[in-house]
Amino acid sequence: MIKTKTTSLLCFLLTAVILMNPSSSSPTDNYIYAVCSPAKFSPSSGYETNLNSLLSSFVTSTAQTRYANFTVPTGKPEPTVTVYGIYQCRGDLDPTACSTCVSSAVAQVGALCSNSYSGFLQMENCLIRYDNKSFLGVQDKTLILNKCGQPMEFNDQDALTKASDVIGSLGTGDGSYRTGGNGNVQGVAQCSGDLSTSQCQDCLSDAIGRLKSDCGMAQGGYVYLSKCYARFSVGGSHARQTPGPNFGHEGEKGNKDDNGVGKTLAIIIGIVTLIILLVVFLAFVGKCCRKLQDEKWCK
């Protein structure tokens, strides 16, 4: 009896350790964020059929264009089964790179947003988004993600000036995809292709304003709103939406959050390890007791 209970408990604890220490080779490592609705559709429903059709259209269209929007089925909307969606690649990607990114996003979104009526997956080089309510052409400046790098040296006036110039140039540029550079400082901004010119400028102005006020004194930073983003880095490349190797460590808030999570996880794993060792020890003692059950100290 002791052996059975001990074995069961040991297996449970080992499973807990595995679940708390996920593999770093997860297939979703290269996405920046995912937003999924809590509302779920039923498997094998009409909505799922149309969603699968939409996602397939994303992949097949990347050879012709970096951006496209779809409504499935076409014609009069049917509230319970109609799905709206867009995909968009970074403005300077070639068709092959665009197709690779969108295909990867489509392959991942099913696991990240399983049976969700809406899903929004932002990758390094592209995004895909779908919903059961139309968001096409609708302005949305909701803040989704922002972060700043390490502060620059206060006496590095040259870098501060370059960063300010690059961020400013993103706001005065033309088009929905904008890049800027000054020496070793690079920046990029892009808005969703379904926005009008004025909506795009409005969204980018908000994102760039946040970037300048929050991260203007940092080695880099990024701001992602629902319909646009802006980022810059010192020593990085505008070809990357996320900071390059010289971006620096995360800001103070990010460090505190990450350190707290790390410490908590280390404590939990330490406690579980001690419990496992205790269980193994008790199992060993129990085995000895059964062998020596006629001994007085074990009766």
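For all residues, glycine too, the Cβ spot is worked out from N, Cα and C.
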Cys101: disulphide-linked cysteine among Cys113, Cys126 [source: Swiss-Prot]: Cys126
Disulfide-bonded residues near Cys126 (disulfide bond), in sequence order, restricted to Cys36, Cys89, Cys113, Cys148, Cys191, Cys228 and a 10 Å Cα cut-off: Cys89
Protein Cβ atoms within 10 Å of Cys89 (disulfide bond), excluding its own: 26
Rounded distance in angstrom between the Cα atoms of Cys203 (disulfide bond) and Cys36 (disulfide bond): 22
Nearest of the disulfide-bonded residues (Cys101, Cys148, Cys200) to Cys89 (disulfide bond), judged by Cα-Cα distance: Cys101
Of the disulfide-bonded residues listed as Cys36, Cys148, Cys191, Cys200, the one whose CA lies nearest the CA of Cys98 (disulfide bond): Cys191
